[in-house]
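Peer 1: I am attaching a structure below and will ask some questions about it afterwards.
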Amino acid sequence: MPRPGVSPGQGRPRSGRERASDWSLGGRCPSFLWLALALALPDSLVLWSPVEAHPLPAQGHPAKFIRLAPQLQEAFGWWNLTCPTCKGLFTAIDFGLRTQASVAWVGSVAIKLCMLLKIAPPAVCQSAVQLFEDDMVEVWTRSVLSPSEACGLLLGSSCGHWDIFSSWNISLPAMPKPPPQPPKPPAPGSPVSRILFLTDLHWDHDYLEGTDPNCENPLCCRRDSGPPPASQRGAGYWGEYSKCDLPLRTLESLLAGLGPAGPFDMVYWTGDIPAHNVWQQSRQDQLRALTTITALVKKFLGPVPVYPAVGNHESTPVNGFPPPFIKGNQSSHWLYEAMAKAWEPWLPAEALYTLRIGGFYALSPRPGLRLISLNMNFCSRENFWLLINSTDPAGQLQWLVGELQAAEDRGDKVHIIGHIPPGHCLKSWSWNYYRIVERYENTLAGQFFGHTHVDEFEVFYDEETLSRPLSVAFLAPSATTYIGLNPGYRVYQIDGNYSGSSHVVLDHETYILNLTEANEPGATPRWRLLYRARETYGLPNALPTAWHDLVYRMRRDTQLFQTFWFLYHKGHPPSEPCGAPCRLATLCAQLSARADSPALCRHLVPDASLPDVQGLWSRPLLC
């Protein structure tokens, strides 16, 4: 079977942390440190953002560097810095920063800057910086502050090579692409499979009924949230419409109440198990969440096979997933090994092998179908380890090509599961993935993601004209309420297990727990069907063209869009109405399976409106 590429590299063991010294912000801070802090703090410490329309991710680090480069070159030009001096300077900086005293000093400056800018409450600033500082300094010294990178940026290509987040391409086999063959509807009476889809469970071990759901911290309804003001009610027993995650009893209720939605042939589970208290999580906390929720899933689903994917919250610090060339205590070995042990009853040896290396795997759940679970953290804009090298981390996309080619050769169909959707990825990763989807459109029968917490999709088109829909990625809603949502889960109906099956999605259903009803005194939780996609939207089928057409129908039909908006938020939309710019941005997101590609919406949005809509696209959603 194709195996993932592993790049050579060297890691640095993490040493014990010393307390940061009480340095004054008024003291002299070198320009490179202010640059690094300015670049890192917003993405690392902005821990929450309301769900809004549509939250395509912000440009992140690449755009920041591009905007800053001319100013930095001009500023450093005043120093008359020569290339040897520049490289000597940054070599000394890197050596000095690696000492524990320097890491603590950088952390103390970052804490004060975080508080000065009011990025988070003081206690959160301190805990978050102390959690991130070792890894961030390691990343900076191996990327933006390395002599070649920094001097290439400041003095030009004659003194180094600045290639952070530079473009790259994977290789496709020389074998010609077969002519497109859209799947045919299954014959009446053909078997249909039901796949339970769970994502973004976000169990909060410290959830406490009656606490303040609107506290100052990024996550509330917790033991440390304090009581609510006298005029407001506290957190509900089963969950709350606020910046809160779920108690274990709500997840137990979800799994115990699956009966009416079943029976299920398989379960796809795409990660984000721990809560959003990302400023205070230890590895022990993350492993407790992994083992507790895995045991719960096994208890209630019994012999039904479960196929997981890695979410961005499984690690700590959050979003921190080093590629395999990072060794030692800063690697992800601790997490992947625990996952392999917890999920061993569900996964064969070949899948466990790649899971232990890079958090991804492939297996054959039934004849004629190959399932590929991707580690989408290797495409993430928030994964700060990719500053070191973002070129096909872990060789995952090249491995994916090998798996798809082998499936095409066998005549198999493929499902892909993952956490972060492709349209939310770093540009080069996203564009390469888009190219792979187009090449293997006949083989790829389904794509299933989570992460955004809301109910949406992303349509893929042919790259030549960007007009022929050829695949669709389904983005299922979260189990968690974060932020202001009902708990929910998804069930997919798939062309079933028989010879010649297309294995495509035939329809899907979404189930929710209405928190208003569940939290009433004396009430018991009742999980109910919210809607069926084809029935609600009047779809002829669930193939890519039907979803493409739905977007353009919603562009013309405001009432249809309002139905979508209601269901997008799992039956609990925000009180603010979604006006025309919001509607265009939301609809454009459904067409944007490729990051930073406004051309995908050119037929949806008049040219004159594009700048305004692009402004909406830049709103971040950290899940």
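Glycine too: its Cβ is placed from the backbone N, Cα and C atoms.
Caution: TrEMBL annotation is automatic and unverified by curators.
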Peer 1: If you pull up TrEMBL, which of CYS159, CYS244 shows a disulphide to CYS221?
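Peer 2: Between CYS221 and one of CYS159, CYS244, TrEMBL records a disulfide, namely with CYS244.
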Peer 1: Return the single candidate from CYS151, CYS215, CYS220 listed in TrEMBL as disulfide-linked to CYS86.
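Peer 2: Answer per the record: CYS151.
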Peer 1: With every protein chain in view, how many other Cβ atoms are within 10 Å of the Cβ of HIS202 (Zn(2+) 1 binding site)?
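Peer 2: Taking every protein chain into account, the count is 27.
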Peer 1: Nearest to CYS588 (disulfide bond) by Cα, among HIS202, ASN312, HIS453 (binding-site residues)?
Peer 2: HIS453
Peer 1: For CYS151 (disulfide bond), identify the closest of the binding-site residues ASP200, ASN312, HIS451, judging by Cα separation.
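Peer 2: Nearest in space to CYS151 (disulfide bond), counting only the binding-site residues, is ASN312.
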Peer 1: Express the distance between the Cα positions of CYS578 (disulfide bond) and CYS425 (disulfide bond) as a whole number of Å.
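Peer 2: That comes out at 25 Å between the alpha carbons.
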Peer 1: Determine the most Cβ-crowded residue among the disulfide-bonded residues CYS83, CYS215, CYS379, CYS582, CYS588, using a 10 Å radius around each Cβ and all protein chains in the structure.
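Peer 2: Per the Cβ count within 10 Å, the most buried is CYS379.
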Peer 1: I'd like to know which of these binding-site residues, ASP200, ASP272, is least surrounded, judged by other CB atoms within 10 A.
Peer 2: ASP200
Peer 1: Express the predicted model's confidence over the domain 'Saposin B-type' (79-163) as a mean pLDDT, rounded to an integer.
Peer 2: 84
Peer 1: Tell me, in order along the sequence, which recorded positions from CYS114, HIS419, CYS425, HIS451 have their CA within 10 Å of ASP200 (Zn(2+) 1 binding site).
Peer 2: HIS419, HIS451
Peer 1: Which of the recorded positions listed here (CYS83, CYS125, CYS159, CYS215, HIS419, HIS453) have a Cα atom within 10 Å of the Cα of CYS221 (disulfide bond)?
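Peer 2: CYS215, listed in sequence order.
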